[in-house]
Amino acid sequence: MDFLTSILTITIRAGTSLTIATIGEILTERSGILNLGVEGIMLMGALSAFTAVFYSHSIAIGLLVAIGVGGLLALLHAFLTTTMRANQVVSGLSITLFGTGFSSFLGQRLGPVANNFRLVGLRAERIVPLAPEWVKQIPIISAFFNQDIITYLVYILLPLAWFFLYKTRPGLWLRSVGEDPQTADAMGIDVTKTRYLYTILGGMMIALGGAHLSLSYTPGWSENITGGRGWIVIALVIFSMWNPARAVWGALLFGGINAVQFRLQASGTSIPANFLNMMPYIGTIIVLVVMTWWEALSKKVGAPAALGTSYMREDK
Amino acid sequence: MKFVFEKRKSTSVPALILVPLISFAVSLVLTALLLAIFGADPFKTYAAMAVGAFGTSHGFAETLVKAIPLMMTGLGVAIAFRLKFWNIGAEGQLTLGGVAAAGVALFMERYFPGRSLLFAALFGGLLAGALWAGIPAILKTTLKVDETLVTLMMNYIAILYSEFLYYGPWRDPKGYGFPGSRMFSANAWLPRIMGRAHVGIWVGIALAIILWLVLKRTRWGFELQIIGASQKAARYQGIAVERNIILAVMLSGALCGLAGAFEITGISHRLQQGLSIGYGYTAIIVAWMSQLNPLAVPFVAIALAGLSVGGDQVQMVMGLPAAMGVVMQGLILFPMLAGSLFTEYRFLVVKPEPRAACPEPSQE
């Protein structure tokens, strides 16, 4: 494989978990629910997928378990913020705090006796790239096809989510709930049901992003395997201005930063590793500032108008 | 029969006190279920935790050791949250405060003779925290950049920077490869009161009372309260919203920075690994359980510190992962969030009247 193809392959692989989680969070935020629990849900998705694959030896079961766990955590967030009208920021933060602690606890408890109940350091089946051997020989092109099933799923989900949001009736309903729940309600759309549905769906996709980490990108379980990716996802949602079609650019940019960082580290640069590791975080801040500034200049509002607010018919 | 939530005219005081207590109880029950699933006796575990955290003088001192940073960062987070500025950067502000305090104590001894070195180090930590928090505050007030993300990203940057220092230029050459700086002069050590617990506990309690007074009794506190309730209303009244937010957030960062300076000057006496162990995140739980009231922060901080020390104890006595304490801390927030509905709404059961289309308005 030539240099460019290898960089591109790693970039797409690194971007997969970010993109799928970003699409999920876009759907959730489009309904007006801000879910800051992404980091926690990704961690729980990574842990549950790895554990399930380790014991069942089936990738399919691992992915299904992760989807279930992600859906449950998102259901909790939907219940707290929609039915109990809790503060969305704090509810999301608690999901992340809980997910971080619980995944660390389970990681020291769900392992086999032989490993002192730990999951760290164990190996399980991985999701392998699907492409046949002859495709891997084609430069550049092979970077897109020499990928695993979750990346392929992202290829399908990206246009699908865009089409759904902007070209279908349920997509229009979803956007109207996030923009103006009062009007949506008056038009006969069930605001509560919509918010539950897309928060749960979003949670499932976020957990799949986590599963991709522990089953493919960095196979195995380690505490805080996400390393802040969940928070980068929230930045990517802003970066993409809540449009799934744009999610891919942000994810590729950050996947690219990761890839460059690895290459630099491998090449033995004189920049200390700590400063290289700061790159994604500094990058996020810069992108965020530029995007916010640009949005203000061009007077474009990307965020759903009702994002972060709870809706209660009786309050009117 | 129909269930209706009706908004209260003012927040319910019994609910303000009861909801955190009930949430604590619910988290105990949920964790007991979890323990039972993993084959541990919940009662034995809780007894071990309680004894470990409060039963011995060593345990109690360790609980205070953890309560001090939780108290300081909890106060800091509470101030920012009152303004709906979601500062989740307490961890980074604490880390940088610790770095600055260590820097002063290690390299500025000749400028600050005797005990003044301690005060210089503490002030350095406070300043570093305030400036680090000032960046997201200015970005938020001038460009409307989302503060949750910026404060969180800055945590990673601060922690990586501190690692760079104690693995790199500040590393003790005589430290046998141990990642940490050399120990600094005893002039910069905070006096201890019990075990490793230091006078920071008194500072924390005093600051809680002072902050409460500032928020409730001064003009500035009143202005902050209006900004927190509605920025629009504050602007109509001629309050300088942006300047006040920046000041309050820098105060929030200063408290977190001071927490880090306390860790360095009171506990480790050097910059080393283990400064950033999540106090800044637990601070969010402390602030929210205190209902953002500074007076409640010391109590909640001691309770949560007890869970954490008790969790360590359980690891030693019963072989359960110490992360169990963290899980319990996380579990407290969910019933707490669900329960906050009852402080602002009352729950009514309405019997449908025949022929009446709408539920009757309540009497109050």
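Note: Cβ is positioned from N, Cα and C throughout, glycine not excepted.
If you check TrEMBL, you get these features:
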- A:6-27: transmembrane segment (TRANSMEM)
- A:34-55: transmembrane segment (TRANSMEM)
- A:61-80: transmembrane segment (TRANSMEM)
- A:89-107: transmembrane segment (TRANSMEM)
- A:149-166: transmembrane segment (TRANSMEM)
- A:196-218: transmembrane segment (TRANSMEM)
- A:230-254: transmembrane segment (TRANSMEM)
- A:275-294: transmembrane segment (TRANSMEM)
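The transmembrane segment (A:149-166) shares more Cβ pairs under 8 Å with A:230-254 than with any other stretch in the list A:34-55, A:61-80, A:89-107, A:230-254, A:275-294.
A contact links the transmembrane segment (A:6-27) to the transmembrane segment (A:196-218), because at least 3 Cβ pairs that are 6 or more residues apart lie under 8 A. With Cβ pairs under 8 Å as the measure, the transmembrane segment (A:196-218) is packed most heavily against A:61-80, out of A:61-80, A:89-107, A:230-254. Counting same-chain residues at least six beyond the ends of the transmembrane segment (A:89-107), those with a Cβ under 8 angstroms from any Cβ of the stretch are 34-44, 46-47, 51, 73, 76-77, 80-81, 118-120, 221, 223-224, 230, 308. Here the transmembrane segment (A:34-55) has long-range neighbours at 17, 21, 25, 28, 61-66, 68-70, 73-74, 77, 88-89, 91-100, 102-103, 106-107, 110, 119, 122, 124-125, 199, 202-203, 206-211, 213-215, 220-221, 224-226, 228-231, 233-234, 307-308, meaning same-chain residues at least 6 beyond its ends whose C-beta is under 8 angstroms from one of its own.
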